[in-house]
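Inspection log for the structure reproduced underneath, given as structure tokens.
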């Protein structure tokens, strides 16, 4: 475990919070301070969250894929982030209820000076935690642009011919991919799934791989002004570590609120001064909730395998349909394995020979690479008749094919449907409704 790793940071904060929890609960009972006792249980909530985060990091790092968990435990951190977000939301609800009770019947704080001192000590503790996790929360990758003038429109099938590929950084454009992380996709998925993997810092077509490139000739496969750029706003931060950061931030804000209300109660004689404590608590609760809810939504979307928020499935599909030889795309799925690893699977209907598929698949993969998708499963479906140029130019659900046998096309998203023209649907897919009825 190297210094500065996630585990070291979490363990450091865990030890600090445990010590402070003992101090708070002891002094709270000795001084009969309900506020301190309540804050100590708030600290206990953070300790539990840190334990969950530490478990998630260790499991994700040390558990390898096996026959039961074929992707490994990489999503353990996503699960940890969701658990932490739920803890935060539950904590916000409990603070809200307590604050409303204190507004109705505000308690008298007999020793505000002592509460102020404890608040200062707690703020110092949480400031250390903020410094520990600030870098994880704000870390962003650098920009790296990939663009292909003409969107492969000038590619023609020639076997063999030369193929050139130029990468460049473009001023003013931050076109990044989400794979600049310590995760190695080849360690997560078996070689049968991932033939090879290039991260964004690696030239897609390196000299040693040049002989393996698609034999498609091109006149405009270079970076050019006016090319089609796809922006990916990459964030390297881990949702799990972001959840820990929000816990620490919530504690720090809570301690600031305790200090402000204690100081106000200590130094003023207003009859309404005791209302400051619950009112400040409500404001802080709103801030914490506004951060915890998006965290839970992000983690939930990943677990539900939604399309990554930085991508448009329709845009990716439209880009792929411009590749000569592709007629239609269906059963198209894009999802996150983790925050930084995108995966795709799709069926593509083709009007090329099976011998040409490998070369076309490499073009498809390079397209997906530009969008940050570095692992894709392609299911080819070869059309056995000649396809007209009008059909080739159409989209995956073109209306101009209504009188053609291919007009009954399956939907781009979802799975194959009964009666569709998915050429391998009957062989590869079950009719889900019928199967469930049989069982």
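Note that Cβ sites are derived from N, Cα and C of the backbone, with glycine treated the same way.
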Annotated transmembrane segment segment (source Swiss-Prot; candidates 245-265, 308-328, 329-349, 350-370): 245-265
Record feature ubiquitin cross-link (Swiss-Prot), assigned residue among 74, 113, 301: 301
Same-side membrane placement of residue 100 and residue 244 in Swiss-Prot: no
Assigned element (helix, strand, coil) containing residue 301 (ubiquitin cross-link), judged by DSSP: helix
The transmembrane segment (114-134) in contact with the transmembrane segment (275-295), cutoff 8 A, at least 3 CB pairs, sep 6+: no
DSSP-derived helix, strand and coil totals, residue by residue, for the topological domain 'Vacuolar' (266-274): 4 helix, 0 strand, 5 coil
Cβ contacts under 8 Å made by the transmembrane segment (245-265) with residues that lie 6+ beyond its boundaries: 13, 35, 39, 42-43, 45-46, 49-50, 84-85, 87-88, 91, 109, 112-113, 115-116, 118-120, 122-123, 125-127, 129-130, 132-134, 136-137, 273-274, 276-277, 280-281, 283-284, 287-288, 291-292, 295
